[in-house]
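Taking it in order: structure first as structure tokens, then the write-up.
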């Protein structure tokens with residue numbers, strides 16, 4: 001893992017010593033090299049055991065795709081932020097890139113930690129750079145309110161997890177992911193019920209599950225483009241990754257305690273999808289769409305089947321790339337219209353036809369059109385849900401229909417219709433923006449051609 005961590009850490013002195021003229025191009029190039037280097041983790045991919053194992057860090061079939069996604073996203077965030085950060089003083093630009101790089105370093109350590117307490121520390125540490133990015137570089141004064149929601153929801157969910165980890169250490173004598181899988185917890189005792197809820201709550205808030213999701217739309221709407229990208233693509237998946245790890249460890253208790261959470265997750269798919277149909281704010285619609293998709297991921301994980309886990313991992317990776325691209329597209333519209341309102345951005349297809357093509361492709365990816373990896377993930381979760389209970393097809397089927405509806409609503413509202421007069425003298429699209437979206441779709445195409453890279457246990 002040091003082959004990724006050391007180059008990432010070496011970015012810090014580079015950022016603060018570079019000539020301002022080369023700041024953005026050099027950091028983008030360096031981060032792209034790290035992203036290319038991360039692809040070598042697939043070579044160490046082992047279907048039966050941990051790879052790159054040392055005392056503190058290791059990778060396996062769950063963490064490898066998420067680490068690579070984290071490394072791939074840093075250059076994309078830097079490219080996306082160039083335009084709106086160019087007017088800032090040079091030291092603020094350096095601070096901004098430093099926060100993005102520190103997030104990557106923390107996330108790599110979180111995804112590759114073998115000790116649960118190290119994972120917990122890194123899980124909480126990602127909160128600090130994200131909070132600074134939202135509250136310092138957000139667009140409006142509501143960013144402070146969004147930051148408070150983000151901070152207190154996450155902290156309130158994480159405190160019970162810390163208590164549960166201390167209890168686990170006292171009873172089991174170890175907090176290693178590798179050894180904890182061998183220790184079974186006896187079911188049907190009040191202590192273990194509270195232990196299971198405490199361990200899972202932090203990750204359900206982070207995903208987020210419907211009911212504890214109110215921080216996410218606020219944080220997404222107020223964050224700058226890089227904040228929205230990292231939040232949608234990686235930080236929500238940190239909750240899913242933690243759930244996969246913890247529910248396997250708490251296995252006997254999961255089967256009996258997961259039922260209400262599965263039903264809440266499925267109900268949340270329909271509710272948040274319905275909320276999307278009523279949104280007038282572009283970023284808010286994409287944010288609620290993320291809550292809907294994460295509800296499907298949560299239900300797939302809580303089912304505790306091989307297909308459920310694999311579908312959840314595939315959907316997390318595919319959704320990370322798709323939602324990040326949608327936030328980039330929303331940012332391109334915002335930079336030209338200075339508004340996130342869908343009605344003020346309509347008719348842009350006539351002025352920016354290539355950008356409208358990107359909107360169309362990403363809207364189709366969001367609604368899980370074949371043969372995209374989004375469909376693979378959703379199908380595997382739907383099949384495992386149907387095998388668990390035939391009645392779930394009513395909720396998941398309705399949720400899929402609503403997802404298709406709001407994805408098309410997003411495209412039609414933002415691209416079709418008469419062009420408002422204020423958009424007549426709009427700035428044309430840049431090569432930088434098309435490069436950014438191309439770098440989003442290349443991994444999606446790769447996963448269409450070779451899906452076994454992220455199929456985990458099912459391959």
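A Cβ is built for glycine as well, from the same backbone N, Cα and C atoms used for every other residue.
According to Swiss-Prot, the feature transmembrane segment maps to 20-42 (among others), an assignment based on sequence analysis. Proximity of distant same-chain residues to the transmembrane segment (20-42), defined by a Cβ-Cβ separation under 8 Å and at least 6 residues beyond the stretch ends, is recorded for 3-4, 7-8, 11, 14, 51-52, 59, 64, 67-68, 71-72, 74-75, 78-79, 82, 90, 93-94, 97, 101, 104, 453.
Per Swiss-Prot, the feature transmembrane segment maps to 61-81 (among others). Tertiary proximity for the transmembrane segment (61-81) is limited to same-chain residues at least six positions away from its ends with a CB under 8 Å from its CB atoms, namely 4, 24, 27-28, 31-32, 34-35, 37-39, 41-42, 44-47, 51, 96-97, 100-101, 104, 107-108, 111-112, 224-226, 229-230, 233-234, 237, 241, 244-245, 309, 313, 316-317, 320-321, 324, 328, 331, 432, 435-436, 439-440, 443, 453-454, 456-457.
Annotation source Swiss-Prot lists transmembrane segment at 103-123 (among others).
With a threshold of 8 Å between CB atoms, the same-chain residues lying at least 6 positions outside the transmembrane segment (148-168) that come near it are 116-117, 120, 123-124, 127, 130-131, 134, 175, 180, 194-195, 197-199, 201-206, 208, 212, 214-215, 218-219. Look at Swiss-Prot and you will find 148-168 (among others) tagged as transmembrane segment.
Feature annotation from Swiss-Prot assigns transmembrane segment to 194-214 (among others).
Marked as transmembrane segment by Swiss-Prot on the basis of sequence analysis: 224-244 (among others). Tertiary neighbourhood of the transmembrane segment (224-244): same-chain residues 62-63, 66, 69-70, 73, 76-78, 80-81, 84, 96, 100, 103, 107, 110-111, 119, 123, 126, 130, 133-134, 137-139, 200, 202-208, 216, 283, 286-287, 290, 294, 297-298, 301-302, 309, 312-313, 316-317, 319-321, 323-324, 327-328, 330-331, selected by CB-CB distance under 8 Å and a gap of 6+ residues from either end.
For 257-277 (among others), the entry in Swiss-Prot reads transmembrane segment, with the evidence type sequence analysis.
Residues 204, 207-210, 213, 216-217, 219-221, 228, 232, 236, 239-240, 243-244, 247, 254, 258, 261-262, 265-266, 268-269, 272-273, 275-276, 309, 311-312, 315-316, 319, 323, 326-327, 330, 340, 342, 366, 378, 380-381, 384-385, 388, 396, 399, 402-403, 406-407, 410 of the same chain lie 6 or more positions beyond the ends of the transmembrane segment (284-303) yet place their CB under 8 Å from a CB of it. Annotation source Swiss-Prot lists transmembrane segment at 284-303 (among others).
Residues 62, 65-66, 69, 73, 76, 80, 220, 225, 228-229, 232-234, 237, 240-241, 244, 283, 286, 289-290, 293-294, 296-297, 299-301, 355, 358-359, 362-363, 365-366, 372-374, 376-381, 383-385, 410, 433, 436-437, 440-441, 443-444, 447, 451, 454-458 of the same chain lie 6 or more positions beyond the ends of the transmembrane segment (307-329) yet place their CB under 8 Å from a CB of it. Feature annotation from Swiss-Prot assigns transmembrane segment to 307-329 (among others).
The annotation transmembrane segment is assigned in Swiss-Prot to 350-370 (among others) on the grounds of sequence analysis.
Swiss-Prot lists 392-414 (among others) with the feature transmembrane segment. Residues 266-267, 269-270, 273-274, 276-277, 282, 285-286, 289, 292-293, 295-296, 326, 333, 342-343, 345-346, 348, 359-360, 363-364, 366-368, 378, 381-382, 385-386 of the same chain lie 6 or more positions beyond the ends of the transmembrane segment (392-414) yet place their CB under 8 Å from a CB of it.
Among the features that Swiss-Prot reports, transmembrane segment is placed at 435-455 (among others), with the record citing sequence analysis. Distant neighbours of the transmembrane segment (435-455): 42, 65, 69, 72, 75-76, 79-80, 310, 313-314, 317-318, 321-322, 324-325, 328-329, 358, 361-362, 365, 371-373, 376; these residues of the same chain sit at least 6 beyond its ends, with a Cβ under 8 Å from one of its Cβ atoms.
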The transmembrane segment (194-214): which same-chain residues, six or more beyond its ends, come within Cβ distance under 8 Å?
123, 149, 153-154, 156-158, 160-161, 163-165, 167-168, 185, 235-236, 238-240, 242-243, 246-247, 250, 253-254, 257, 261, 264-265, 267-269, 271-272, 291, 294-295, 297-298
